[in-house]
Amino acid sequence: MIIKKIKMDVCPLDVYEQIRGENTFLLESAEGVPKVARYSILGKAEGKVIFKNGKLKVESFTEFGDKAKDLEGKYECPLDALREVRNEYLKYIDISNIEPIPRFKGGLVGYLSYDIIRYWIDLSNINPKPINDLKFPDAEFFIVKDFISFDLKEKVINLIAEDDEGIRELERIIKNAKIGNNDNKEEKTTENKDLKIKSNMSKEEFIEAVKKAKEYIFAGDIFQVVLSRRIEIDLDNLDHLKIYKKVREINPSPYMYYLDFGDRKIIGSSPEILVRTDYKDNKRLVITRPIAGTIRRGKTEEEDKELEKKLLSDEKERAEHVMLVDLARNDIGKISKFGTVEVTDFMIIEKYSHVQHIVSNVVGELKDNYDSFLAVKATFPAGTLSGAPKVRAMEIIEELEKTWRGPYGGGVGYFGWDDLMDLAITIRTFVISKNKGYIQVGAGIVADSIPENEWEETERKGMANVKTIESLLK
(Lines of atoms letter the chains of each structure in order from A and count residues from 1; the text may use other names and numbers.)
(Lines give C-alpha, C1' and ligand atoms only; values in the text may rest on other atoms or scores of the structure.)
Protein backbone atom coordinates (compact mmCIF):
# COMPACT_ATOMS: atom_id res chain seq x y z
CA MET A 1 0.00 0.00 0.00
CA ILE A 2 1.17 3.53 -0.75
CA ILE A 3 0.05 6.93 0.46
CA LYS A 4 -0.01 10.41 -1.05
CA LYS A 5 -0.79 13.48 1.06
CA ILE A 6 -2.41 16.56 -0.45
CA LYS A 7 -3.77 19.82 0.92
CA MET A 8 -7.33 19.61 2.23
CA ASP A 9 -9.25 22.18 0.18
CA VAL A 10 -12.44 20.22 -0.48
CA CYS A 11 -14.92 18.66 1.95
CA PRO A 12 -15.57 14.90 2.31
CA LEU A 13 -19.21 15.15 1.24
CA ASP A 14 -18.31 16.88 -2.05
CA VAL A 15 -15.79 14.13 -2.75
CA TYR A 16 -18.26 11.39 -1.84
CA GLU A 17 -20.74 12.78 -4.37
CA GLN A 18 -18.22 11.81 -7.07
CA ILE A 19 -18.43 8.11 -6.18
CA ARG A 20 -21.89 7.78 -4.63
CA GLY A 21 -23.85 4.69 -5.47
CA GLU A 22 -24.13 1.06 -4.50
CA ASN A 23 -21.23 -0.37 -2.47
CA THR A 24 -19.73 2.96 -1.44
CA PHE A 25 -19.39 4.51 2.01
CA LEU A 26 -18.76 7.76 3.85
CA LEU A 27 -17.74 7.91 7.51
CA GLU A 28 -17.56 11.56 8.52
CA SER A 29 -16.67 13.47 11.69
CA ALA A 30 -18.10 16.91 12.32
CA GLU A 31 -18.21 17.81 16.00
CA GLY A 32 -16.91 16.55 19.29
CA VAL A 33 -13.70 15.80 21.15
CA PRO A 34 -10.79 16.33 18.69
CA LYS A 35 -9.24 12.91 19.36
CA VAL A 36 -12.59 11.33 18.45
CA ALA A 37 -13.84 13.67 15.71
CA ARG A 38 -10.64 13.88 13.68
CA TYR A 39 -10.92 11.66 10.61
CA SER A 40 -13.38 11.26 7.76
CA ILE A 41 -13.01 8.38 5.29
CA LEU A 42 -14.75 7.37 2.08
CA GLY A 43 -14.35 4.96 -0.77
CA LYS A 44 -15.64 2.22 -3.03
CA ALA A 45 -15.73 -1.35 -1.76
CA GLU A 46 -13.74 -4.23 -3.26
CA GLY A 47 -16.44 -6.56 -2.00
CA LYS A 48 -18.69 -7.10 0.98
CA VAL A 49 -19.35 -9.76 3.60
CA ILE A 50 -22.82 -10.53 4.90
CA PHE A 51 -23.46 -12.62 8.00
CA LYS A 52 -27.01 -13.91 8.44
CA ASN A 53 -28.58 -16.91 10.16
CA GLY A 54 -25.20 -18.28 11.19
CA LYS A 55 -23.71 -18.16 7.69
CA LEU A 56 -21.10 -15.96 6.04
CA LYS A 57 -21.52 -14.86 2.44
CA VAL A 58 -18.82 -13.03 0.45
CA GLU A 59 -19.69 -10.86 -2.55
CA SER A 60 -16.75 -9.63 -4.63
CA PHE A 61 -16.60 -6.68 -7.04
CA THR A 62 -12.88 -6.93 -7.86
CA GLU A 63 -10.18 -9.59 -7.92
CA PHE A 64 -9.01 -8.43 -4.49
CA GLY A 65 -12.54 -8.67 -3.11
CA ASP A 66 -12.67 -12.33 -4.15
CA LYS A 67 -9.82 -13.41 -1.83
CA ALA A 68 -12.11 -14.47 1.02
CA LYS A 69 -14.61 -16.43 -1.06
CA ASP A 70 -13.40 -19.75 0.38
CA LEU A 71 -14.40 -18.61 3.87
CA GLU A 72 -18.11 -18.79 3.12
CA GLY A 73 -20.08 -21.10 5.38
CA LYS A 74 -21.28 -21.56 8.95
CA TYR A 75 -19.77 -19.87 12.02
CA GLU A 76 -20.82 -19.81 15.65
CA CYS A 77 -20.54 -16.02 15.85
CA PRO A 78 -20.39 -13.20 13.28
CA LEU A 79 -17.38 -11.69 15.04
CA ASP A 80 -15.47 -14.95 14.52
CA ALA A 81 -16.35 -14.85 10.82
CA LEU A 82 -15.23 -11.23 10.49
CA ARG A 83 -11.92 -12.08 12.16
CA GLU A 84 -11.33 -14.87 9.64
CA VAL A 85 -12.08 -12.48 6.78
CA ARG A 86 -9.72 -9.84 8.16
CA ASN A 87 -6.93 -12.36 8.67
CA GLU A 88 -7.36 -13.76 5.16
CA TYR A 89 -6.93 -10.35 3.53
CA LEU A 90 -3.82 -9.66 5.61
CA LYS A 91 -2.10 -12.35 3.52
CA TYR A 92 -2.44 -10.14 0.44
CA ILE A 93 -1.93 -6.63 1.77
CA ASP A 94 1.07 -4.76 3.22
CA ILE A 95 0.24 -1.72 5.35
CA SER A 96 3.77 -1.15 6.68
CA ASN A 97 4.32 1.75 4.26
CA ILE A 98 1.36 3.73 5.61
CA GLU A 99 2.14 3.45 9.31
CA PRO A 100 2.34 7.25 9.78
CA ILE A 101 -1.47 7.41 9.50
CA PRO A 102 -2.76 7.11 13.08
CA ARG A 103 -6.12 5.50 12.41
CA PHE A 104 -7.85 3.67 9.54
CA LYS A 105 -5.51 1.96 7.07
CA GLY A 106 -8.15 -0.07 5.26
CA GLY A 107 -10.22 -2.98 6.47
CA LEU A 108 -13.89 -3.76 7.03
CA VAL A 109 -16.45 -0.93 7.12
CA GLY A 110 -20.07 -1.60 8.06
CA TYR A 111 -22.46 -2.39 10.89
CA LEU A 112 -23.31 -4.98 13.53
CA SER A 113 -26.98 -5.48 14.35
CA TYR A 114 -28.05 -5.44 17.99
CA ASP A 115 -29.39 -8.96 17.49
CA ILE A 116 -25.93 -10.55 17.23
CA ILE A 117 -26.23 -10.92 21.01
CA ARG A 118 -28.29 -14.05 20.28
CA TYR A 119 -25.09 -15.85 19.24
CA TRP A 120 -23.64 -15.75 22.77
CA ILE A 121 -26.58 -14.91 25.05
CA ASP A 122 -29.36 -17.49 25.35
CA LEU A 123 -32.71 -15.76 24.92
CA SER A 124 -34.57 -18.87 23.78
CA ASN A 125 -36.62 -19.22 26.97
CA ILE A 126 -38.03 -15.69 26.87
CA ASN A 127 -41.72 -15.36 26.03
CA PRO A 128 -43.38 -13.72 24.22
CA LYS A 129 -40.70 -13.39 21.56
CA PRO A 130 -40.18 -10.41 19.24
CA ILE A 131 -40.56 -11.14 15.54
CA ASN A 132 -37.76 -10.77 13.03
CA ASP A 133 -39.96 -9.11 10.43
CA LEU A 134 -37.39 -7.07 8.47
CA LYS A 135 -34.76 -9.83 8.39
CA PHE A 136 -31.71 -7.58 8.24
CA PRO A 137 -28.27 -9.21 8.23
CA ASP A 138 -26.62 -9.78 11.59
CA ALA A 139 -23.54 -8.04 10.21
CA GLU A 140 -22.70 -6.42 6.88
CA PHE A 141 -19.28 -5.00 6.04
CA PHE A 142 -17.52 -3.60 2.99
CA ILE A 143 -14.01 -4.82 2.13
CA VAL A 144 -11.95 -1.63 1.74
CA LYS A 145 -8.49 -1.39 0.17
CA ASP A 146 -8.18 1.93 -1.74
CA PHE A 147 -9.78 4.92 -0.03
CA ILE A 148 -9.54 8.61 0.84
CA SER A 149 -8.94 9.79 4.41
CA PHE A 150 -9.39 13.37 5.63
CA ASP A 151 -7.33 14.45 8.66
CA LEU A 152 -9.33 17.35 10.10
CA LYS A 153 -6.60 18.24 12.59
CA GLU A 154 -3.69 18.41 10.15
CA LYS A 155 -5.88 19.71 7.28
CA VAL A 156 -4.59 17.13 4.81
CA ILE A 157 -6.16 14.51 2.57
CA ASN A 158 -4.53 11.08 2.53
CA LEU A 159 -4.91 9.11 -0.69
CA ILE A 160 -4.27 5.44 0.09
CA ALA A 161 -4.09 2.75 -2.58
CA GLU A 162 -2.32 -0.47 -3.49
CA ASP A 163 -0.44 1.02 -6.46
CA ASP A 164 0.17 4.18 -8.52
CA GLU A 165 -2.83 3.48 -10.73
CA GLY A 166 -5.05 3.46 -7.65
CA ILE A 167 -3.56 6.76 -6.46
CA ARG A 168 -4.24 8.35 -9.86
CA GLU A 169 -7.87 7.25 -9.69
CA LEU A 170 -8.24 8.82 -6.25
CA GLU A 171 -6.58 12.02 -7.52
CA ARG A 172 -9.10 12.14 -10.36
CA ILE A 173 -11.97 11.90 -7.88
CA ILE A 174 -10.53 14.77 -5.80
CA LYS A 175 -9.94 16.91 -8.91
CA ASN A 176 -13.52 16.48 -10.11
CA ALA A 177 -14.84 17.37 -6.65
CA LYS A 178 -12.79 20.58 -6.62
CA ILE A 179 -14.03 21.80 -10.00
CA GLY A 180 -17.59 20.71 -9.35
CA ASN A 181 -17.82 18.07 -12.04
CA ASN A 182 -20.41 15.52 -11.07
CA ASP A 183 -21.93 13.12 -13.53
CA ASN A 184 -22.89 10.89 -10.62
CA LYS A 185 -25.73 12.89 -9.09
CA GLU A 186 -28.88 10.94 -8.41
CA GLU A 187 -31.82 13.22 -9.07
CA LYS A 188 -35.12 11.94 -7.77
CA THR A 189 -38.33 13.88 -7.85
CA THR A 190 -40.01 14.83 -4.60
CA GLU A 191 -43.53 16.01 -3.99
CA ASN A 192 -45.05 18.02 -1.20
CA LYS A 193 -47.24 15.34 0.34
CA ASP A 194 -48.26 13.83 3.66
CA LEU A 195 -45.93 11.13 4.91
CA LYS A 196 -47.18 7.62 5.58
CA ILE A 197 -45.94 6.84 9.09
CA LYS A 198 -46.59 3.91 11.41
CA SER A 199 -45.17 2.62 14.67
CA ASN A 200 -44.62 -1.01 15.57
CA MET A 201 -46.10 -0.29 19.02
CA SER A 202 -49.18 1.72 19.89
CA LYS A 203 -49.13 4.23 22.74
CA GLU A 204 -51.08 1.80 24.92
CA GLU A 205 -48.70 -1.08 24.15
CA PHE A 206 -45.61 1.00 24.92
CA ILE A 207 -47.06 2.31 28.18
CA GLU A 208 -47.91 -1.26 29.25
CA ALA A 209 -44.33 -2.30 28.44
CA VAL A 210 -43.00 0.53 30.62
CA LYS A 211 -45.27 -0.54 33.49
CA LYS A 212 -44.04 -4.12 33.19
CA ALA A 213 -40.42 -2.94 33.12
CA LYS A 214 -41.02 -0.98 36.33
CA GLU A 215 -42.38 -4.14 37.96
CA TYR A 216 -39.05 -5.83 37.18
CA ILE A 217 -37.20 -2.84 38.65
CA PHE A 218 -39.19 -2.95 41.89
CA ALA A 219 -38.69 -6.72 42.05
CA GLY A 220 -34.93 -6.13 42.04
CA ASP A 221 -34.22 -7.69 38.63
CA ILE A 222 -32.73 -4.53 37.12
CA PHE A 223 -31.93 -0.89 37.85
CA GLN A 224 -32.70 0.35 34.35
CA VAL A 225 -33.81 -0.91 30.95
CA VAL A 226 -33.98 0.88 27.60
CA LEU A 227 -37.24 0.17 25.79
CA SER A 228 -37.64 1.20 22.17
CA ARG A 229 -40.12 1.21 19.33
CA ARG A 230 -39.69 1.43 15.58
CA ILE A 231 -41.21 4.04 13.28
CA GLU A 232 -41.64 3.28 9.58
CA ILE A 233 -41.70 6.09 6.99
CA ASP A 234 -42.61 5.70 3.33
CA LEU A 235 -39.79 7.47 1.44
CA ASP A 236 -41.31 7.21 -2.03
CA ASN A 237 -38.82 8.68 -4.56
CA LEU A 238 -36.69 10.64 -2.10
CA ASP A 239 -32.96 10.85 -2.85
CA HIS A 240 -31.43 9.08 0.16
CA LEU A 241 -28.26 11.17 0.14
CA LYS A 242 -30.44 14.22 0.77
CA ILE A 243 -31.48 12.58 4.05
CA TYR A 244 -27.82 12.35 5.05
CA LYS A 245 -27.21 15.98 4.09
CA LYS A 246 -30.16 17.12 6.18
CA VAL A 247 -29.12 14.98 9.17
CA ARG A 248 -25.59 16.37 8.82
CA GLU A 249 -26.97 19.91 8.82
CA ILE A 250 -29.37 19.47 11.73
CA ASN A 251 -27.34 17.16 13.97
CA PRO A 252 -23.59 17.25 13.21
CA SER A 253 -21.78 14.64 15.34
CA PRO A 254 -18.41 12.90 15.75
CA TYR A 255 -19.82 9.80 14.04
CA MET A 256 -21.81 10.40 10.85
CA TYR A 257 -22.26 7.68 8.24
CA TYR A 258 -23.75 6.92 4.88
CA LEU A 259 -23.38 3.25 3.98
CA ASP A 260 -24.87 2.24 0.64
CA PHE A 261 -25.30 -1.54 0.45
CA GLY A 262 -27.73 -1.27 -2.45
CA ASP A 263 -30.90 -2.84 -1.05
CA ARG A 264 -30.06 -1.40 2.36
CA LYS A 265 -28.64 1.94 3.47
CA ILE A 266 -27.53 3.01 6.93
CA ILE A 267 -27.70 6.79 7.40
CA GLY A 268 -27.03 8.40 10.74
CA SER A 269 -25.34 10.80 13.10
CA SER A 270 -24.30 9.28 16.42
CA PRO A 271 -22.58 11.15 19.25
CA GLU A 272 -21.49 8.05 21.15
CA ILE A 273 -18.66 5.53 20.97
CA LEU A 274 -19.61 1.90 21.43
CA VAL A 275 -15.99 0.80 21.75
CA ARG A 276 -12.69 1.59 20.07
CA THR A 277 -9.12 0.34 20.27
CA ASP A 278 -5.96 2.42 20.03
CA TYR A 279 -2.19 2.22 20.40
CA LYS A 280 -0.31 4.47 22.83
CA ASP A 281 3.23 4.05 24.16
CA ASN A 282 3.32 0.50 22.74
CA LYS A 283 0.16 -0.36 24.65
CA ARG A 284 -3.10 -1.53 23.11
CA LEU A 285 -5.93 0.44 24.67
CA VAL A 286 -9.65 -0.29 24.68
CA ILE A 287 -11.94 2.69 25.17
CA THR A 288 -15.61 3.37 25.71
CA ARG A 289 -17.25 6.71 26.34
CA PRO A 290 -20.75 6.48 27.86
CA ILE A 291 -23.15 9.37 27.35
CA ALA A 292 -26.06 9.69 29.76
CA GLY A 293 -27.67 13.00 30.58
CA THR A 294 -28.75 15.54 27.98
CA ILE A 295 -30.04 19.10 27.97
CA ARG A 296 -30.50 21.68 25.23
CA ARG A 297 -28.01 24.43 24.41
CA GLY A 298 -28.72 27.92 25.69
CA LYS A 299 -29.60 30.83 23.45
CA THR A 300 -26.87 32.88 25.14
CA GLU A 301 -23.55 31.94 26.73
CA GLU A 302 -24.97 32.74 30.15
CA GLU A 303 -28.04 30.55 29.62
CA ASP A 304 -25.81 27.79 28.24
CA LYS A 305 -23.79 27.74 31.47
CA GLU A 306 -26.94 27.78 33.59
CA LEU A 307 -28.33 24.79 31.69
CA GLU A 308 -24.99 22.99 32.14
CA LYS A 309 -25.19 23.54 35.91
CA LYS A 310 -28.80 22.36 35.93
CA LEU A 311 -27.86 19.15 34.13
CA LEU A 312 -24.91 18.41 36.41
CA SER A 313 -27.01 19.03 39.53
CA ASP A 314 -29.85 16.73 38.44
CA GLU A 315 -29.63 13.81 40.89
CA LYS A 316 -31.57 11.45 38.62
CA GLU A 317 -29.28 12.15 35.66
CA ARG A 318 -26.17 11.81 37.84
CA ALA A 319 -27.31 8.52 39.35
CA GLU A 320 -28.09 7.05 35.93
CA HIS A 321 -24.74 8.22 34.56
CA VAL A 322 -22.75 6.75 37.46
CA MET A 323 -24.57 3.43 37.01
CA LEU A 324 -23.62 3.34 33.31
CA VAL A 325 -20.01 4.28 34.04
CA ASP A 326 -19.83 1.37 36.51
CA LEU A 327 -21.26 -0.90 33.81
CA ALA A 328 -18.65 0.36 31.32
CA ARG A 329 -15.84 -0.23 33.84
CA ASN A 330 -17.08 -3.77 34.34
CA ASP A 331 -17.21 -4.43 30.58
CA ILE A 332 -13.77 -2.93 29.93
CA GLY A 333 -12.38 -4.76 32.98
CA LYS A 334 -13.25 -8.16 31.46
CA ILE A 335 -10.76 -7.66 28.63
CA SER A 336 -8.14 -5.41 30.26
CA LYS A 337 -4.98 -6.20 32.16
CA PHE A 338 -5.44 -6.16 35.91
CA GLY A 339 -5.20 -2.70 37.43
CA THR A 340 -5.24 -0.78 34.13
CA VAL A 341 -8.89 0.30 33.96
CA GLU A 342 -9.41 3.96 34.74
CA VAL A 343 -11.98 6.69 34.22
CA THR A 344 -9.98 9.44 32.51
CA ASP A 345 -12.91 11.84 32.14
CA PHE A 346 -15.73 11.71 34.65
CA MET A 347 -19.03 13.49 34.15
CA ILE A 348 -17.68 16.22 31.93
CA ILE A 349 -19.92 18.26 29.63
CA GLU A 350 -19.58 17.94 25.87
CA LYS A 351 -21.38 20.56 23.81
CA TYR A 352 -22.87 19.97 20.37
CA SER A 353 -24.82 22.23 18.04
CA HIS A 354 -28.20 21.74 19.74
CA VAL A 355 -27.54 19.77 22.95
CA GLN A 356 -25.00 19.19 25.70
CA HIS A 357 -24.29 15.79 27.23
CA ILE A 358 -22.75 14.38 30.40
CA VAL A 359 -19.87 12.17 29.23
CA SER A 360 -17.26 9.94 30.87
CA ASN A 361 -14.28 8.13 29.35
CA VAL A 362 -13.32 4.61 30.45
CA VAL A 363 -9.97 3.17 29.31
CA GLY A 364 -8.10 -0.08 29.88
CA GLU A 365 -5.03 -1.83 28.47
CA LEU A 366 -6.20 -4.77 26.36
CA LYS A 367 -5.05 -8.22 27.49
CA ASP A 368 -2.32 -9.77 25.35
CA ASN A 369 -4.53 -12.54 23.98
CA TYR A 370 -7.46 -10.26 23.08
CA ASP A 371 -8.15 -8.56 19.75
CA SER A 372 -10.67 -5.94 18.62
CA PHE A 373 -13.34 -8.56 17.87
CA LEU A 374 -13.20 -9.91 21.43
CA ALA A 375 -13.28 -6.31 22.69
CA VAL A 376 -16.58 -5.81 20.87
CA LYS A 377 -18.02 -9.06 22.20
CA ALA A 378 -17.17 -8.07 25.79
CA THR A 379 -18.78 -4.64 25.56
CA PHE A 380 -21.70 -5.32 23.20
CA PRO A 381 -24.32 -3.95 23.29
CA ALA A 382 -23.80 -0.57 24.92
CA GLY A 383 -25.27 -0.26 28.38
CA THR A 384 -26.85 3.03 27.33
CA LEU A 385 -28.99 1.08 24.82
CA SER A 386 -29.75 -1.97 26.98
CA GLY A 387 -29.69 -1.26 30.71
CA ALA A 388 -28.21 -2.66 33.90
CA PRO A 389 -27.51 -5.37 34.81
CA LYS A 390 -27.00 -5.84 31.12
CA VAL A 391 -27.96 -9.48 30.50
CA ARG A 392 -31.19 -9.29 32.53
CA ALA A 393 -32.04 -6.00 30.81
CA MET A 394 -31.60 -7.67 27.42
CA GLU A 395 -33.91 -10.49 28.48
CA ILE A 396 -36.56 -7.93 29.42
CA ILE A 397 -36.08 -6.11 26.10
CA GLU A 398 -36.60 -9.47 24.38
CA GLU A 399 -39.87 -9.95 26.24
CA LEU A 400 -41.32 -6.45 25.94
CA GLU A 401 -40.30 -5.17 22.51
CA LYS A 402 -42.38 -6.28 19.52
CA THR A 403 -39.70 -6.80 16.88
CA TRP A 404 -35.99 -7.47 16.51
CA ARG A 405 -33.99 -4.27 16.69
CA GLY A 406 -31.82 -4.83 13.63
CA PRO A 407 -29.03 -2.23 13.30
CA TYR A 408 -30.52 -0.01 16.06
CA GLY A 409 -28.54 -0.28 19.28
CA GLY A 410 -25.72 -2.15 17.55
CA GLY A 411 -22.51 -0.68 16.19
CA VAL A 412 -21.39 1.07 13.01
CA GLY A 413 -17.81 1.81 11.96
CA TYR A 414 -14.76 -0.24 11.06
CA PHE A 415 -12.33 -3.03 11.89
CA GLY A 416 -8.91 -2.11 10.47
CA TRP A 417 -6.35 -4.46 8.94
CA ASP A 418 -4.05 -3.52 11.85
CA ASP A 419 -6.69 -4.45 14.48
CA LEU A 420 -7.56 -0.84 15.24
CA MET A 421 -11.33 -0.66 15.56
CA ASP A 422 -13.80 2.17 16.02
CA LEU A 423 -17.54 1.60 16.39
CA ALA A 424 -20.26 4.10 17.22
CA ILE A 425 -23.56 3.13 18.79
CA THR A 426 -26.19 2.97 16.07
CA ILE A 427 -28.64 5.61 17.24
CA ARG A 428 -30.20 8.63 15.54
CA THR A 429 -30.08 6.52 12.42
CA PHE A 430 -32.26 5.91 9.38
CA VAL A 431 -32.19 2.31 8.18
CA ILE A 432 -33.51 2.18 4.63
CA SER A 433 -34.80 -0.95 2.94
CA LYS A 434 -36.96 -1.19 -0.18
CA ASN A 435 -37.68 2.55 -0.05
CA LYS A 436 -38.96 2.36 3.51
CA GLY A 437 -37.15 4.32 6.19
CA TYR A 438 -36.96 2.92 9.72
CA ILE A 439 -35.99 4.94 12.76
CA GLN A 440 -35.92 3.39 16.24
CA VAL A 441 -36.39 5.52 19.36
CA GLY A 442 -35.96 4.50 22.97
CA ALA A 443 -36.32 5.66 26.55
CA GLY A 444 -34.38 4.65 29.65
CA ILE A 445 -36.83 3.24 32.20
CA VAL A 446 -35.95 3.60 35.90
CA ALA A 447 -37.86 3.27 39.17
CA ASP A 448 -39.47 6.72 39.07
CA SER A 449 -40.27 6.72 35.35
CA ILE A 450 -43.76 7.93 34.44
CA PRO A 451 -45.03 5.72 31.59
CA GLU A 452 -46.83 8.55 29.78
CA ASN A 453 -43.67 10.68 29.88
CA GLU A 454 -41.55 7.85 28.48
CA TRP A 455 -43.93 7.52 25.55
CA GLU A 456 -43.68 11.27 25.00
CA GLU A 457 -39.88 11.03 25.00
CA THR A 458 -39.97 8.48 22.18
CA GLU A 459 -42.57 10.61 20.39
CA ARG A 460 -40.30 13.69 20.55
CA LYS A 461 -37.35 11.73 19.23
CA GLY A 462 -39.39 10.08 16.52
CA MET A 463 -41.10 13.26 15.32
CA ALA A 464 -37.75 15.05 15.09
CA ASN A 465 -36.71 12.46 12.53
CA VAL A 466 -40.05 12.60 10.73
CA LYS A 467 -39.63 16.37 10.40
CA THR A 468 -36.25 15.76 8.78
CA ILE A 469 -37.99 13.83 6.01
CA GLU A 470 -40.88 16.28 5.79
CA SER A 471 -38.46 19.17 5.24
CA LEU A 472 -37.12 17.41 2.14
CA LEU A 473 -40.57 17.08 0.60
CA LYS A 474 -41.42 20.78 0.63
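Even glycines carry a Cβ here, placed using N, Cα and C.
Model, not experiment: these values are computed from the prediction.
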Chorismate site partner of G293, T294, Y408, G442, A443, G444 according to Swiss-Prot, chosen from R392, R428, is R428
One of the binding-site residues E320, R428, G444, E457 has its Cα closest to the Cα of Y255 (L-tryptophan binding site), namely R428
Within the same chain, the residues at least 6 apart in sequence whose Cβ is under 8 angstroms from that of E457 (Mg(2+) binding site) are A443
Running the binding-site residues S29, P254, T294, Y408, R428, G442 through a 10 angstrom C-alpha radius around E320 (Mg(2+) binding site) leaves none
Argmin Cα dist to P254 (L-tryptophan binding site) over the binding-site residues T294, Y408, R428, G442, G444 returns R428
Cβ atoms other than its own within 10 Å of the Cβ of R428 (chorismate binding site), all chains, total 25
